[in-house]
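First up is the structure itself, then whatever we jot down about it.
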Amino acid sequence: MDSSSNATMPCGFLLQGFSEFPHLRPVLFLLLLAVHLATLGGNLLILVAVASVPSRPPMLLFLCQLSAIELCYTLVVVPRSLADLAAPGPGRGSPISFLGCAVQMQMFVALGGAECFLLATMAYDRYVAICHPLRYTAVVTPGLCTKLALACCLGGLAVSVGLTVAIFHLPFCGSRLLVHFFCDITALLDLACTRSYVDELPLLGACLVLLLLPSLLILSSYGAITAALRRLRSPGGRRKAASTCASHLAVTFLHYGCATFMYVRPKSSYSPRRDRTLALVYTNVTPLLYPLIYSLRNREITAAIRRVLGRGRQGQGLCGP
């Protein structure tokens, strides 16, 4: 590493963000701010709506956890990105400490991993509800839901800690300039001095645990659901059962599709600027789509949101002249 780099960045990294596009930064700031506020509002609305339901079925509890994960997921990345975009001066980027970068990456992976496990849990919930409806309340109890929710969070946390320790033990060289707006795994691996495939094994192991294993559980659950739907003679019952799975399938395809495309590939295929653009989509756009998907496709969520909004309008009417 050259002496100038050591003098300017002795124990951290430089997040380039979008500093090479000074004229686009104001527009990008306003766009990301609008999307971020809409994401926060949508997920908070789902949390309030679920909290307002007196007796919450298991699927609503899982949706509540999913919205909480999405809230934290965006808060880990977006506020700092907005602050960097709003910072005056051209500059090469925004400095971030070694520890700060490690914590950001660990939290990002932990929340993404918890969501992977949670989507598999929700697929199991749909499997029991459709394939064993008479046993559903006896099998999917509130106690089981609590244990599964906790297991999802602990599983994501364990994998994220192991992956973060492995990556931050790698030697980093050059200017330590991350062509990214947050400490993403691919950007850090691209900056590592080594070029051995062994360095990619921790990421491969994390992908196996967070993507492959939950995917197998989801596929097996929906395989059984498909077989059960084929045995249904009532077209109305078949459509009703299928509609309960539509929103979950849409979110699953979005989450696993983005994660697989971004992380299940060799280091030689990394393209920092392209990966940065894709990350802008899956850290901002997809969390915005999740509340929209569930509010449009899930009747219980739709009814709960209408009750909350109705109470708000009634409260305004009582305060009016």
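Glycine too: its Cβ is placed from the backbone N, Cα and C atoms.
Below 8 angstroms of C-beta separation, residues 18, 21, 60-61, 63-64, 67-68, 70-71, 74, 78-79, 81-82, 85-86, 284-285, 287-288, 290-292, 294-295, 300-301, 304-305, 307-308, 311 of the same chain, each at least six residues beyond the ends of the transmembrane segment (27-53), sit close to that stretch. What TrEMBL lists as transmembrane segment is 27-53 (among others).
Summarising the annotation, TrEMBL assigns domain 'G-protein coupled receptors family 1 profile' to 42-294.
Here TrEMBL flags 59-78 (among others) as transmembrane segment. A Cβ distance under 8 Å defines the sequence-distant neighbours of the transmembrane segment (59-78), meaning residues of its chain 6+ beyond its ends; these are 32, 36, 39-40, 43-44, 46-47, 50-51, 53, 104, 107-108, 111-112, 114-115, 118-119, 121-122, 125-126, 129, 142, 145, 149, 152, 181-182, 244, 251, 283-284, 287, 290-291, 294, 298, 300-301, 304.
Feature annotation from TrEMBL assigns transmembrane segment to 98-120 (among others). Beyond its flanks by at least six residues, the transmembrane segment (98-120) meets 11-13, 62, 65-66, 69-70, 72-73, 76-77, 80, 149, 151-153, 155-157, 159-161, 163-164, 167-168, 182-185, 188, 206, 209-211, 213-215, 217-218, 221, 248, 251-252, 255-256, 259 of its own chain at Cβ-Cβ distances under 8 Å.
Residues or ranges marked as transmembrane segment by TrEMBL: 148-170 (among others).
Annotation comment: TrEMBL describes 203-229 (among others) as transmembrane segment.
Among residues of the same chain six or more beyond the transmembrane segment (241-264), those with a C-beta under 8 A of the stretch's C-beta atoms are 59, 66, 112, 115-116, 119, 122-123, 126, 129-130, 185-186, 203, 206-207, 210-211, 215, 218, 222, 225, 228-229, 232, 275, 278-279, 281-282, 286, 289-290, 293-294, 296-298. Per TrEMBL, transmembrane segment is recorded for 241-264 (among others).
The list of residues near the transmembrane segment (276-296) in space but at least 6 beyond its ends in sequence, with Cβ under 8 angstroms from a Cβ of it, reads 32, 35-36, 38-39, 42-43, 45-46, 63, 66-67, 70, 73-74, 77-78, 179-182, 184, 187, 247, 250-251, 254-255, 258-259, 261-262, 302, 305. Feature annotation from TrEMBL assigns transmembrane segment to 276-296 (among others).
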